[in-house]
Amino acid sequence: MGNSCEGFFGPQKNTNVRVSLPAVCFVWQIAMIILFGVFIRYDEESDAHWAEHKKSHNISSDIENDFYFRYPSFQDVHVMIFVGFGFLMTFLKRYSFGGVGFNFLIASFGLQWALLMQGWFHSLDPVTGKIYIGVENIINADFCCAGCLIAYGALLGKVSPVQLMVVTLFGITLFAVEENIILYLLHCRDSGGSMVIHAFGGYYGLAISWVLYRPNLHLSKRLSGSVYHSDVFAMIGTLFLWMFWPSFNSAISDHGDGQHRAAINTYLALAASVLTTVALSSMSQKRGKLDMVHIQNATLAGGVAMGTAAEFMITPYGSLIVGFCCGIISTFGYLFITPFLENSLKLQDTCGIHNLHAMPGMLGGFVGAIVAAAATESVYSKEGLINTFDFEGKFAGRSVGTQGGYQAAGTCVAIAFGLVGGAIVGFILKFPIWGDPSDDNCYDDEAYWEVPEDEETIPPVLEYNNHMIHKHQDIAESNFSVEQS
Amino acid sequence: MGNSCEGFFGPQKNTNVRVSLPAVCFVWQIAMIILFGVFIRYDEESDAHWAEHKKSHNISSDIENDFYFRYPSFQDVHVMIFVGFGFLMTFLKRYSFGGVGFNFLIASFGLQWALLMQGWFHSLDPVTGKIYIGVENIINADFCCAGCLIAYGALLGKVSPVQLMVVTLFGITLFAVEENIILYLLHCRDSGGSMVIHAFGGYYGLAISWVLYRPNLHLSKRLSGSVYHSDVFAMIGTLFLWMFWPSFNSAISDHGDGQHRAAINTYLALAASVLTTVALSSMSQKRGKLDMVHIQNATLAGGVAMGTAAEFMITPYGSLIVGFCCGIISTFGYLFITPFLENSLKLQDTCGIHNLHAMPGMLGGFVGAIVAAAATESVYSKEGLINTFDFEGKFAGRSVGTQGGYQAAGTCVAIAFGLVGGAIVGFILKFPIWGDPSDDNCYDDEAYWEVPEDEETIPPVLEYNNHMIHKHQDIAESNFSVEQS
Amino acid sequence: MGNSCEGFFGPQKNTNVRVSLPAVCFVWQIAMIILFGVFIRYDEESDAHWAEHKKSHNISSDIENDFYFRYPSFQDVHVMIFVGFGFLMTFLKRYSFGGVGFNFLIASFGLQWALLMQGWFHSLDPVTGKIYIGVENIINADFCCAGCLIAYGALLGKVSPVQLMVVTLFGITLFAVEENIILYLLHCRDSGGSMVIHAFGGYYGLAISWVLYRPNLHLSKRLSGSVYHSDVFAMIGTLFLWMFWPSFNSAISDHGDGQHRAAINTYLALAASVLTTVALSSMSQKRGKLDMVHIQNATLAGGVAMGTAAEFMITPYGSLIVGFCCGIISTFGYLFITPFLENSLKLQDTCGIHNLHAMPGMLGGFVGAIVAAAATESVYSKEGLINTFDFEGKFAGRSVGTQGGYQAAGTCVAIAFGLVGGAIVGFILKFPIWGDPSDDNCYDDEAYWEVPEDEETIPPVLEYNNHMIHKHQDIAESNFSVEQS
């Protein structure tokens, strides 16, 4: 269907990306190689000089290498990025290839660009002019991709892979800048990225989608829903995101109690989100039936909202309260806000990232601000307070109240970067050169994928039908001829 | 279909849970928040006071935090609970949403309630009245959920989500009590839970299912099987359970050799189970064809049966023998015992948990007893024996023979708790207030889920058929009218 | 269909394995138990004597147990073997059970046999005559299975499970011999197994497939493709392989910087492969559409090719270059070499393992040789060079140039073992006793599995059709009778 150049409603757009997609992939990948050659080197823990480093720093055992503190969490984060986000986006009946496949493509590009961008901003050695990378950097690169994958959720089915590469290029760049402002200039804490990942990524995607509004998207309505098995595939994504979110929020927290506490808090918040999502989903439907869209998405809101506060002493019941509220808010969003955005604000948000990332991320930023402002030495211990908020160097002596204020300011910075950056990127994507699909050709893998014919799904009874039809045809025709004669 | 209030066989039961399900979720979640507020705090390894604790306990490095010993295993267990159990239950053709979705719901509630129940029984600080939690507690909470998810396997497709919440509430409670008796009063070792998880959970579910016997369940026979792709989905569950079972059995074993040995033993037992399952499955079918039910389930029996003995010096070939026998016994159960239970004992066991959990769990308990009784100082070393069986405090000096006896007794306690507790819970679930489906409406997601219409699976040939039918209709009608005239 | 003894093209082969499959499974599993009883014991880190060992070796903490260095990587490798390879082979429309199920069977047998074979060759204690196993051994056993699973990729759908067991028995044996020659006699480094796993496994499978050439395989053409959802299932396999490949290549590297560097290098090479695969796939198709076969396979080539060099100081941009080239070469292989092999060399390679494993593995071996030969003390440090290449004992003082030469020689040994061993095994498999399918019965789960009937996939409209057909039948028949009367 996507092959024919004429749709029902006039000529279809040309979705041919045979020149642009290979060109972008090749040129950008070659650029990555050159830039990596100039800038990127192993850090002292992944370099063969580690044996010397160990001696000179009096490190007694290889197990003290940061690899063993963070690599298991890295792998969990990696699964979230590729299987979690990827399969969550397979829910559409005929866009599973695009959901999981383009997610794969843009994350693979994004992580390379992120290593460079984050390196230039945070870890460029002023003497050697090199960026030294280790396991924490590759976790951060994955995090950086997450922002762009969230934005993809709003655009799912409506853009070409070339457009997605552009979204990723600018998204990673904007991410590195806002992250630098929030984490280094404002000295916010945001180990799980409520602000820098979710609020930014959410509003970035929403702004792009708002600019790319398609008034006739209803022409693709036939493909905008799920089928039974695509919903089960999407649950793979949901569950791997849900299960590994404790690793996401704790992956780059402080060694020891920081990582430990971040994992426990996230674990609890997510559990509470599931119960309130189920409750609200059931209340909203006839006969109390659950809606898969809510279960696939809103159950994750607790993890998003704990991104900032997970490493703080929010207390276990505080985590439950955050999860409780966010499950409700997110489900409420799917029920009422998404339709409102689409109808009133002309904002089409395929996966509902407003409800899962933008809103809970923003809330998570403010929760973090409040919890930071409420910190006391008796709860954290003197040393614990300094460690947790990193009140060292030029930030030694900052009060927790001030910290809370900066945390709130950081949230606003993330949102502003998302909205403004997304609007600009959206306008760039409006140029008619990107091979995006026409309004009646969205949500369809046919446009960018060789799709196998599903002839084998014809059940035996059909063959029988065919047989019977031909038989009737014979009978009917014989009747017809008899009568004619 | 589930919407209509009249079935083929009289009025259908009302499966409306629009009031009860939200009420249960909201009220119980609020109760959790309050109880967590009163009781649950971070333990010394997840608290911000860790820096002080480290100094006062002369701990040299953050890597000594229990988080780094156990968190990778925790994540594996977490995957087993949500993806493993969840996807294993997607095998039914039209109950995949319920399989993976209700599993998600009840495990999310269960883990919160488990933290409280297990805390009250084992780790309530008598001075402060608080429960202090760390990574080991959240592993134990996941373990506790496993018992209820096993029980769900017997009930799959026949109960409402509200009933499942009740099953979980009581299941976790009973679990905490029997676990306390077995592990603390009898001082049994059961690191992978053959007794406390599998034997208990299995008999708990079977007893409930026996009380809830449905004489007319054959009316739902059309939905009681699998389809091709639902069997592939279920293999996702099987494989994640199978692969991560070494982590399950080693997650809370002793640091060092205990965890190491438990993982190796489980790895070997599971491998042997696969071969004997395939052998027996092939023998049992015409032309040696394999049955997916066996491959999906009986291959896991070796892991269940190693739950107690995995941390003992059972030897690698001992592990293989256990796996060898359990693969046979479990497949035999699917072939002969499940039909017998259904026909003679009126016990309907959807997933065959008798064969996968109840029987192998019981066997695992007795294997553990024998291996414990056969322990010697030459095999374990003096210190190793004390460490492995925790012969310290008031249990210092207990003989291995006595330990073996207590292990066997523990198995019986687990079974008794399961059977009696399950029978009582079964009777509670018979009240006509829970919104369970009628006999001709089981195994059907329509009852509790908004199910998408699968119109897109119509292959092109069908449209042709439709076209031809209308054509014939025209011909036939024209014939008809001609003749009438 | 597979049940009937007559096909369209003469009598079908007998695929009855009801005697042979159970016999092989039972007898070999019993042999494993006996051999494990004679040879296999726990090593000092998984034995209960660990407490004593720790004291005598002055080890300060349980965290120094090798379990904590390697177990997270082991679990990732384990997932790759069972879910990665298994689901990658579910892409065929009607061979998903066989893809994931036989993979499960042969890996479960293979890992046991590998522990024995690798033990006899590398770690048999000459004094006690025992093999002592720990976590590194079970990783190596999984690696060893990988070689056979790669070979299975070439044979997918064309052989019986009994044949696969034979392929595995000999494959593991050959693997242990060539690995011993390459790693111990030639003293090559190959932590991720470009040579010993991928080049060997690839050519082993190709040689078998070449001997088993089926001139009339086109008779099974109807089943040789994918359907929409089977392609999505295969992406589960692809992604778990892709995500966990950094763990695969670093699992048995040196503690500390070795594991750290291997993970980072693999991470980067894989990312680059994705971009060049997408580029070439898009270039090759009409309108720039992507082909799922390329995305599912060629994206992994970077991981294969980094198997040897990952632990070396190949530099981050060096890794990107390797991934860049291998993505292109592998996709090129799927486009041109696989058809050429089939048409000109009479070599049928179901999964295209030539493009994914054989070629990139061989390249990886040579890349390793070059990087080794280019090593310098300034890059590695004196101690780092000795650690990385293990220039100790009788290999102290070997030059890096010599090492490079041996690495290249090792690659040739692996290929030679694969080709010769595979040819011999292929001839063994030609005996007409193994129950393999006939040419018109390949790629069909019906031959070896009880396959559920998919009657429920009939969409509602079909029932309407049926209804209409019967109605027409009545009309047509009444017409007919009217006219007759």
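Even glycines carry a Cβ here, placed using N, Cα and C.
All TrEMBL annotations are machine predictions without curation.
Pulled from TrEMBL:
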- C:65-448: domain 'Ammonium transporter AmtB-like' (DOMAIN)
- C:21-40: transmembrane segment (TRANSMEM)
- C:74-92: transmembrane segment (TRANSMEM)
- C:99-118: transmembrane segment (TRANSMEM)
- C:138-157: transmembrane segment (TRANSMEM)
- C:164-186: transmembrane segment (TRANSMEM)
- C:192-213: transmembrane segment (TRANSMEM)
- C:225-244: transmembrane segment (TRANSMEM)
- C:264-283: transmembrane segment (TRANSMEM)
- C:295-314: transmembrane segment (TRANSMEM)
- C:320-341: transmembrane segment (TRANSMEM)
- C:353-375: transmembrane segment (TRANSMEM)
- C:408-429: transmembrane segment (TRANSMEM)
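The transmembrane segment (C:138-157) and the transmembrane segment (C:353-375) are in contact, since at least 3 Cβ pairs between them lie under 8 Å (pairs 6 or more apart in sequence). The stretches the transmembrane segment (C:192-213) and the transmembrane segment (C:164-186) meet in space: the count of Cβ pairs below 8 angstroms, excluding pairs fewer than 6 apart in sequence, reaches at least three. Residues 98-100, 103-104, 107, 135, 138-139, 142-143, 145-146, 149-150, 152-153, 156-157, 223-226, 230-231, 233-234, 236-238, 240-241, 244-245, 247-248, 251, 292-293, 296-297, 351, 443 of the same chain lie 6 or more positions beyond the ends of the transmembrane segment (C:74-92) yet place their CB under 8 Å from a CB of it.
As a quick check, the transmembrane segment (C:320-341) and the transmembrane segment (C:408-429) miss the bar of 3 or more Cβ pairs under 8 A, pairs 6 or more apart, so the two do not touch. Remote same-chain residues near the transmembrane segment (C:21-40) are listed as 105, 109, 112-113, 115-116, 119-120, 124, 129-131, 133, 160-162, 165, 169, 435 (criterion: CB distance under 8 Å, separation of at least six residues from the stretch ends).
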